[in-house]
Each structure stands twice: as structure tokens, then as C-alpha cells.
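As recorded in Swiss-Prot:
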REGION    53-106  region 'Disordered'
COMPBIAS  83-97  compositional bias 'Basic and acidic residues'
DISULFID  104-132  disulfide bond
DISULFID  111-139  disulfide bond
DISULFID  263-276  disulfide bond
CARBOHYD  306  N-linked glycosylation site
């Protein structure tokens, strides 16, 4: 059916009115050619309201795992946890070989060396023997220039010096009082170079004197700690040791003297007895004058055989 001109005009007006009325919300208008000059304008309506949400679909199959991402920055450390229980004690390992001693390599060998290092106080120090064995010794840093290693001291009679061979070999006594350093130690000390000897004595009236020798050494146990003594250099106490030079050491249980009887037993000491002695500094502590003969702390050349000294110290110093 072909619309007349009047009808088309009316329809055009209606469409235009509708288009103007809805221009604010649905502006899209399409014009289609019909035939010739007759055109039909078609208005596209506004979209309708969204429909209701459909039901949720089923989950798809699990995909392949993706590649790991870059590591993140480390987080802050958390608070320290409580201390755990102590574990069981492990098995003790085998004892290793003894390594070289740094102290032996650089440590002092004598009291004189300690003095040169700036140790000026008399007292007990650790030195190192030639075999690297540490030894605690009394260093006299005051007498005659200092640097003396004391190996015998008698001061009050609190220590028994009438002892056997093993005791004199190992040493005995107290750092606080009287002692014998031990023949093995004295041997080790006196075989490292030349050592001078000083004997200091004091009586019970406050008098002090000494005797000094150019060298002093004792040999090892195999040689019965034989005494090798140098020349007497002087001192008001006189020389009461030269007669013991080249003698072997004797104790109450090992008689190595040149007498017919055991001088150590006879004179209650231990010494380098010949037949028998002119000194007995390891004898009985008899406190001054005594009626018994030559069995005290005796040094004949100063006060004879019937006087036992209050103080006796024997000491060596490396020359």
C-alpha cells in the first residue's frame, strides 16, 4: 500500500515530535529510503531494564600452575622464641695431638728475662723450661740487681725438709713459706746457659749476709744430680759450698756420699754430701744455737756447726 502525501506528512510530524521528546535519553534515529523521495524515519527505542541474574555456572576445570613469581622482600624478624630444653650430652671425641704452645714460643725462660720485660716486683711468675714445660717460680727482683730465681727457701720451720729422694726430685713446700723447687726443675733451669749462684742467710738477731759463686749447675737424675760449682766470688757469709763441688745428691733413702755412713740420715738433711759437709741448708730448723752437732740449717764459715739460721735462700741468675 502506497501512503498518500498527506498521510506521510502527518506521520513525519509525529515522528519528529517523538524524536524531540526523547532526544535527551534516546538520541539515535535512523532514516531509511523506501522508494524515490518517500523516506521512512525509524526511531530506535531505549534499552530495556537489565534482566534478572541467571544462575551461577559450574566451575571450570583447574588450570595449569603458573610460573613462580619473583621472591618478595624479607620480612622483619619475629620475636625470640622461648629457650628450648637442653639436648643430650654428646659423645666425647678422641684426644687430639698437643699443638705448639704460643706461650712457650714467646714466654719468658728466666726471672732475669722477666726483669728485662719490665716485671720489677718480687713474686711468683710462670716461666718456660727448655722443653716448653711451664714452671711457677719465685723471682727475687730486689736483691743484688734482681732477676734471681729462688730454688730453696727456709724461713720459719713449717715445712719438713727431711724427705726422700722422690720428694727432692719433684719438689715440695708452699709458695707462702718454705720450699724446694725440685731437682728435675733445678737441673732444667741450670742447663740453659751459665747461671751464677747466690746464698742469702739471716740469723735470729737480724743480721744478714751472703755468699756468691760464679756458676752453679746440677746434672740430671742419671748422674744423681751431681753439683758443678764455679769459683767463690765473695760475701760475708764465707765459702761453705766449694767442698761439696762434684758431689752427688743424697737423701735419707739414697746414700750417694763418700762417707762410711749415710750423711743424710746422720745430719737429718738432703745435700751434696762428701764426708760429710761444711753446709747443710736442708737440715733441721733448730732456731739459732743448738747443742746437737751439724744437723741444723748450717753454714760453717759464718756461725759454725752449732747455729741454725732463721732464713736461708738459694737462688740462680742467668749470666
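Keep in mind that glycine also has a Cβ here, set from the backbone N, Cα and C atoms.
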Number of other Cβ atoms within 10 Å of the Cβ of residue 306 (N-linked glycosylation site) across all protein chains: 17
Surrounding CB atoms that lie within 10 Å of the CB of residue 263 (disulfide bond), all protein chains: 26
Those residues of the chain, 6+ apart, with a Cβ under 8 Å from that of residue 276 (disulfide bond): 257, 259, 263, 266, 267, 294
Fewest other C-beta atoms within 10 angstroms, as judged across 104, 111, which are the disulfide-bonded residues: 104
Which of 132, 139, the listed disulfide-bonded residues, has fewest other Cβ atoms within 10 Å: 132
Nearest-integer angstrom distance between the alpha carbons (Cα) of residue 104 (disulfide bond) and residue 111 (disulfide bond): 15
